[in-house]
Amino acid sequence: MFFAEIKQEEVIVGGFRIGQGFDVHQLVEGRKLVIGGVTIPYEKGLLGHSDADVLLHAICDAVLGAAALGDIGRHFSDTDPRYRNIDSRVLLQNVGNLLAERGYRVVNVDATIIAQAPRMASHIPAMVANIAQDLRMQPGDVNVKAKTAERLGPVGRGEGIEAEAVCLITHMNQTTD
């Protein structure tokens, strides 16, 4: 059978979808550093309209992308005063609600924070717990890693922090077994 002859229902086996997200923000003085919903002691914070949580923003984009719902800017514009300094956990919870309204749930999240400093390892368990809670998942279905940029580029020079995320979603009536 040629691909053109396959019906749409046959193409979407199991109803699984993959999403990918990315975010980057500049480090500046005078702001607190919030990553994964965790306030991290550091002399600089991330610049942005919201709390500039790069990790949660990347996850929001991954989840929205998997559901073909655009990106974080489409739903939470950085020109809308309602989102000024908003806790990005609220945004992630809202993204989870949008997903559920369309009959999907997140199966797993895998994310990477890229920062020359500060060290993230001791904060990762709290980040994982926040993400799992906000997306109504088990912590064992969330993975967060931290890497340096090996002193290369703007992130390596300590000018900013990046995050990347991928996720798998499925219809709530589907099982992953």
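Just so it is clear, glycine is given a Cβ too, placed from its N, Cα and C backbone atoms.
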Problem set entry | Per Swiss-Prot, Asp23, His25 bind divalent metal cation; matching candidate in His49, His57 | His57
Exercise. Which whole-number value in Å describes the distance between the Cα atoms of His49 (4-CDP-2-C-methyl-D-erythritol 2-phosphate binding site) and His25 (divalent metal cation binding site)?
Worked result: 10
Exercise. Taking the recorded positions one at a time (Ser77, Thr148), which has its Cβ surrounded by the most other Cβ atoms within 10 Å?
Worked result: Thr148
For this session: Specify the secondary structure state of His25 (divalent metal cation binding site) as given by DSSP, simplified to three classes.
Result: strand
Problem set entry | Rounded to the nearest Å - Cα separation of His57 (divalent metal cation binding site) and Thr148 (site 'Transition state stabilizer') | 19
